[in-house]
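What follows is a short report on a single structure.
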Amino acid sequence: MKNLFLFCRAGYEKECAAEIQQRAAELNVGGFVKANNNDAYVVYQCFEEDGGDTLVKQLPLDSLIFARQMFAASELLADLPESDRVSPIVAALSEVSKAGELRVETPDTNEAKELSAFCRKFTVPLRQHLKKSGSLLAQENPKRPIIHVCFIGPGRAYVGYSFSNNSSPYFMGIPRLKMAADAPSRSSLKLDEAFAQFVPKEEQEVRVRSGMNAVDLGACPGGWTYQLVRRGMMVSAVDNGPMNEKLMETGQVKHFREDGFRFEPQRKNIYWLVCDMVEKPARVAELIEAWAINGWFKEAIFNLKLPMKSRYKEVMAILNTMQEILKENGINEFQLQCKHLYHDRDEVTVHLWIRPSQAWN
């Protein structure tokens with residue numbers, strides 16, 4: 001297929017477009033971007049007929065900051081007849097064979113979500129016809145490709161596929177997390193989503209486990225500390241402001257009424273460092289770099305608040321500088337990931353894992 005369809009947050013189409021333009025060029029897949037403000041999606045139109053196939057295979061979704069989900073896509077199917085929308089879609093998917101799942105989706109906008117009820121109903125007959133054509137297996141198979149049909153408006157859809165090992169497990173790339181009734185703030189969901197994004201399920205018992213020591217810089221009132229406590233960690237919560245009383249009653253939290261930028265940990269066996277401070281992103285990055293150079297943590301999750309303009313450029317500059325500084329200070333083995341999470345707004349979440357090949361005692 002010729003195109004790559006990418007879901008993103010409404011208002012971040014320019015950032016998603018700039019990123020896919022750069023990343024596709026790195027893979028020598030030429031093309032141009034189609035994007036409109038607040039559509040919540042971007043289409044990268046490749047010059048080569050199989051450009052979308054190449055990108056969906058070679059470009060890891062997890063390496064993209066602003067895309068929630070992506071799939072190799074056909075040209076836009078416009079003016080689908082009300083009397084038979086199924087046949088043109090089945091025909092457009094003729095080159096897809098034995099897919100394991102069907103997702104009929106919309107972009108994440110209020111206008112597009114008005115089609116949600118239609119999409120749910122339409123899935124049933126479409127699934128039956130795709131099974132008859134051989135594009136879809138009779139039984140769901142999580143190891144096979146996923147068929148995507150994304151309605152961007154009434155009678156208008158992009159169709160295509162993604163690979164299950166390079167795709168979000170969620171419809172539209174949106175995780176459905178529930179806000180706990182006793183969580184101190186909604187920001188709690190950001191760290192919950194970040195753990196799911198950056199730490200594979202099969203590794204969470206080792207890397208996100210009870211008994212670990214953690215530090216939360218800028219902790220007040222305790223939204224991120226809550227997620228650490230919920231996972232059984234012992235937390236040093238650093239903030240001049242007050243902490244949630246119920247969190248303090250757990251006995252797992254020690255509150256340091258200090259400036260997060262000046263705090264130095266008493267413990268030297270800290271595994272997790274987390275930080276969600278409203279501060280210039282470069283300053284937060286410098287703080288994390290200092291902690292890494294001092295060897296004060298193994299893994300960190302932190303948020304970078306985004307400027308109003310040149311957001312992709314700013315994030316990339318900070319991440320590139322961080323990589324250079326770590327290497328200059330003898331930290332040559334690390335994993336650095338960044339994602340504009342669903343629960344993020346004008347910010348991105350970054351994960352830094354120092355020397356992942358070395359065990360933590």
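Even glycines carry a Cβ here, placed using N, Cα and C.
Binding of S-adenosyl-L-methionine is attributed by Swiss-Prot to SER187, CYS220, PRO221, GLY222, GLY223, ASP239, ASP259, and within the candidate set ASP108, ASP276 the record adds ASP276 to that site.
Between the CA atoms of SER187 (S-adenosyl-L-methionine binding site) and LYS305 (active site, proton acceptor) there is a gap of 13 Å. A simple Cβ count within 10 Å picks out one of the binding-site residues ASP239, ASP259, ASP276 as the most packed, and that one is ASP276. The DSSP secondary structure for GLY223 (S-adenosyl-L-methionine binding site) is helix. GLY222 (S-adenosyl-L-methionine binding site) sits 19 Å from LYS305 (active site, proton acceptor), counting Cα to Cα. Shown in sequence order, PRO184, SER185, GLY241, PRO242, MET243, ASN244 are the residues of the chain, 6+ apart in sequence, with a C-beta less than 8 angstroms from the C-beta of PRO221 (S-adenosyl-L-methionine binding site). Taking only the Cα positions, the spacing between GLY223 (S-adenosyl-L-methionine binding site) and LYS305 (active site, proton acceptor) is 17 angstrom. Counted over every protein chain shown, other Cβ atoms within 10 Å are most numerous around GLY222 among the binding-site residues GLY222, GLY223.
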